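Annotated features in TrEMBL:
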- 12-238: domain 'CWH43-like N-terminal' (DOMAIN)
- 12-38: transmembrane segment (TRANSMEM)
- 58-76: transmembrane segment (TRANSMEM)
- 97-115: transmembrane segment (TRANSMEM)
- 127-145: transmembrane segment (TRANSMEM)
- 157-181: transmembrane segment (TRANSMEM)
- 212-233: transmembrane segment (TRANSMEM)
C-alpha cells in the first residue's frame, strides 16, 4: 500500500480539492487586487491579479496546492486505465500521464514565479509566461487524451456522455487559447502606455477592448480546466476499499465514467 490508511480514503475528494484550489486561485486574488486598487477591475489578466502582495500569497499557495493534488490525480488515473484499459491504450495512457505531470509542474511554477510588474523582459516575467503557456497547453493535451481514453472505455450512455463533455470542454479550451493569444497580440500592439501601467489597463488606453477579450479568454480557459478536473469526481468517488471477500475480487475500477467498485489490486497499490 502507498500510505497506510489509503484503503478507505475518499478518493473523490481529490478532484474536488484540486478544482476548488484552482478556482480559489483564480477568483480570490482578483477580489483582493481590485479591493486594494492594484488592478483595474475590468478585466486584468490572471497573472496581474497575482503579481502584488498580499494577493500573490493566495495565488501562489492555491496553485501549489492544485499542483500537489493534480500529481495524485494523474497517478491514480494512470493506475485505473492501466489495470482496466485494453492493451492498445497502455502507451497512450503513459503519454497522457506524462502530459498530466507536465501540467502539474508548470502550474506550480506559475504560482511560485510571478511576473515583474516593472519589466516585460525580466526573467521572472518570461519564466512565468512560459510556465503559464505550458500549464495551459499541457492541461488541454492531458484533457484531450483523457477524453479519448474515456471514449474508448465507454460502454453506456453516461460514460459516452462524459467523453462528449470532456471533448467539448477541451475543444472550447483550444478555441479560447487561440483568442487569448490573438487578442493579446492586438492589444499589446495598440497599447500606448508603459508595461507597469498594464495593471490598470482602462478604456482610455489603446487596445483596451482587445485586452478585455484576451482576459476573458484566459479566465474561460481557467474555468474550463477547473471543470475538466472536477469531471473526474465520478470515477474517483467510485474507488472503494476491498470488500474482504477473497473469493470475489471481481469489481472493476471506474475508469470509464460510470459507477463501479474498485478492484482490490488498485486500492492495494495505492
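Think of each number as a place in line: the chain as shown, counted from 1.
Cβ coordinates are placed from backbone N, Cα and C, and glycine is handled just like the others.
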Mark yes when the transmembrane segment (97-115) and the transmembrane segment (212-233) have three or more Cβ pairs under 8 Å (sequence separation 6 or more) and no when they do not. no
Spatial neighbours of the transmembrane segment (12-38) not adjacent in sequence (6+ beyond its ends, CB under 8 Å) are 44, 46, 48-52, 54-56, 58-59, 62-63, 65-66, 69-70, 72-73, 76, 111, 199, 219, 222-223, 225-227, 229-233, 236-239
Rounded mean pLDDT within the domain 'CWH43-like N-terminal' (12-238) lands at 94
